[in-house]
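Participant: Handing you a structure now.
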Amino acid sequence: MLRGWGGPSVGVCVRTALGVLCLCLTGAVEVQVSEDPVVALVDTDATLRCSFSPEPGFSLAQLNLIWQLTDTKQLVHSFTEGRDQGSAYSNRTALFPDLLVQGNASLRLQRVRVTDEGSYTCFVSIQDFDSAAVSLQVAAPYSKPSMTLEPNKDLRPGNMVTITCSSYQGYPEAEVFWKDGQGVPLTGNVTTSQMANERGLFDVHSVLRVVLGANGTYSCLVRNPVLQQDAHGSVTITGQPLTFPPEALWVTVGLSVCLVVLLVALAFVCWRKIKQSCEEENAGAEDQDGDGEGSKTALRPLKPSENKEDDGQEIA
């Protein structure tokens, strides 16, 4: 709604103008406004159309015109007794003075804000009095959604993926829809939040959690219900099977070959060691056999005949 009206002088002006209107009889003057709401984009100008049918000989000195908010009765703009009383709304409103004499009582509202949204009443008094209200709807288109993934790498089928759709600076609150690659609506595991900034415009963040398949496309649609304008965003996710890149494959093959060669070399060395050890053991055993035979010969006892001969020789 409109805010920030003027001080006591504005109130006096309103009461005076309304007093003039109330003294008039209701009847002949017919005020016409648009039945459909006037839609205005933020930061643009809007025209609230209001008209009446002046009778022959009509002069602006006979005209009393007031624009005010329907709900709060706060003054927006007035024209009384041939003088434009100006805007009580931050100097952002204006009439069409050259067209007043033709019955055009429309109001021009400049640099529309979110707080301007609401119903405005057009009061016209010449000799008789009539009024009508027109609605102003404020809108702002949403930006193209940005899509983010978490996690965003090393994705495998079966992983739980969080997809966030973000759109900014829109009004009024958006409607958010998710669909898969086949156009099937996704309503489960969706969380949407909308927060207004200092200007009253909304930032939208919608989160979808899905289990990743072999591949999939997910789209987010942010709709402005007043403008019937859709902003689209999509992301395609491919769950890659666990495979090796060519570089890693060659490294793996090279390491495997080196390992095989190392094992063969190690086996050959072990075989040589075992063979050498066996040969040394065999050689030692043969040496021990030769020494045993020599010892047996040296320790062989003398025969009796040999003892007798020795004895006889000693006697002789």
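Cβ from N, Cα, C; glycine included.
The following feature annotations were taken from Swiss-Prot:
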type	residues	note
SIGNAL	1-28	signal peptide
DOMAIN	29-139	domain 'Ig-like V-type'
TOPO_DOM	29-248	topological domain 'Extracellular'
DOMAIN	145-238	domain 'Ig-like C2-type'
TRANSMEM	249-269	transmembrane segment
TOPO_DOM	270-316	topological domain 'Cytoplasmic'
REGION	280-316	region 'Disordered'
Participant: With helix taken as DSSP H, G or I, strand as E or B and everything else coil, how many residues of the domain 'Ig-like V-type' (29-139) land in each class?
Facilitator: 10 helix, 54 strand, 47 coil
Participant: Kindly state the mean pLDDT of the topological domain 'Extracellular' (29-248) in the predicted structure.
Facilitator: 91
